[in-house]
Amino acid sequence: MTDLYAEALATFAALYAEAQNSAELEASAMTVATANVDGRPSARTVLLKAFDARGFVFYTHLDSAKGRDLQTHPQAALLFLWRSLREAGIQVRIEGGVQLVSADESDAYFASRPRMSQIGAWASRQSQALGSREEFDAAIAKVEATFAGREVPRPDGWGGFRVVPQAFEFWYGAKFRLHERWRYEADAASHWSKRMLYP
């Protein structure tokens, strides 16, 4: 891990801790932007579940729209927006390649989830058409009956993705739109640079 990458990661960690201790309702909420095989972009909000020097991890159904996007075009952008921080909010953007996390990591995280969240992962065919809420409720009841009295295992089609950063951008909001921006970026040889940008 290079010094600049370590600096960017430490900056994120400090801001994330600040957000967790602030008025933010959900500091771990992040927008994940992906593109499908045709290059059509889409974005949605998910929760950050872990981060370290290897990257930023979230979990989902692998056959969801974002799961399919990431398996055919393994690049993503993350966006954190913490409006309550500092003078006028802080925004962090992270861009990078995407990898599936290991089965062991996915198993460990799935085992830590509330039981009804585990059941929901089995009952939901995420991003597919649903005829009615009653249909979903029936699927939930069926899964509950299937696993009554025993642990709920992780479904094969559910797991984690790790975004491996190739760029960080930190935006510090200020009055009169006189913001401050810093960008850390790796080149093709994984050499990191740091630049200040006009707001």
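Positions of Cβ are set from backbone N, Cα and C atoms, glycine also.
What Swiss-Prot records for this protein:
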- R44, T45, V46, L47, L48, K49, Y59, T60, K66, Q91, Q126, S127, W171, R181: FMN binding site (BINDING)
- K49, Y109, R113, S117, R177, L178, H179: substrate binding site (BINDING)
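Locations of recorded Swiss-Prot features on the structure.
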{"residue": "V46", "record": "FMN binding site", "Cβ neighbours (10 Å)": "16"}
{"residue": "L48", "record": "FMN binding site", "Cβ neighbours (10 Å)": "19"}
{"residue": "K66", "record": "FMN binding site", "Cβ neighbours (10 Å)": "23"}
{"residue": "Y109", "record": "substrate binding site", "Cβ neighbours (10 Å)": "19"}
{"residue": "R113", "record": "substrate binding site", "Cβ neighbours (10 Å)": "15"}
{"residue": "S117", "record": "substrate binding site", "Cβ neighbours (10 Å)": "11"}
{"residue": "Q126", "record": "FMN binding site", "Cβ neighbours (10 Å)": "16"}
{"residue": "R177", "record": "substrate binding site", "Cβ neighbours (10 Å)": "8"}
{"residue": "L178", "record": "substrate binding site", "Cβ neighbours (10 Å)": "9"}
{"residue": "H179", "record": "substrate binding site", "Cβ neighbours (10 Å)": "18"}
Report summary line: Within 10 angstroms of the C-beta of K49 (substrate binding site), the count of other C-beta atoms across all shown chains comes to 15
Query - Spatial neighbours of R44 (FMN binding site) that are distant in sequence (at least 6 apart) but have CB under 8 A - result: T31, V32, K66
Query raised in the report: Roughly how many Å separate the Cα of V46 (FMN binding site) from that of H179 (substrate binding site), to the nearest whole number?
Result: 26
Report task. Between R177 (substrate binding site) and Q126 (FMN binding site), find the distance joining the two CA atoms and give it rounded to the nearest Å. Result -> 39
Report summary line: L48 (FMN binding site) falls, by DSSP collapsed to helix, strand or coil, into coil
Query raised in the report: By the DSSP assignment reduced to helix, strand and coil, which category contains K66 (FMN binding site)?
Result: helix
**Report entry** Candidate binding-site residues L48, Y59, Q126, pick with smallest Cα gap to Y109 (substrate binding site)
**Finding:** Y59
Requested in this report: List only the single closest residue to K49 (substrate binding site), chosen from the binding-site residues Y59, Q126, W171 by CA-CA distance.
Outcome: Y59
Query raised in the report: Which residues in the same chain, at least 6 apart in sequence, have a Cβ under 8 Å from the Cβ of W171 (FMN binding site)?
Result: I90, Q91, V92, R93, H179, E180, R181, P199
Query raised in the report: Can you name the binding-site residues among L48, Y59, Q126 whose CA is within 10 A of the CA of S117 (substrate binding site)?
Result: none
Query raised in the report: Reported as an integer number of Å, what is the Cα distance between Y59 (FMN binding site) and L178 (substrate binding site)?
Result: 36
Requested in this report: Measure from the Cβ of Y59 (FMN binding site) and count the other Cβ atoms within 10 Å, all protein chains considered.
Outcome: 21
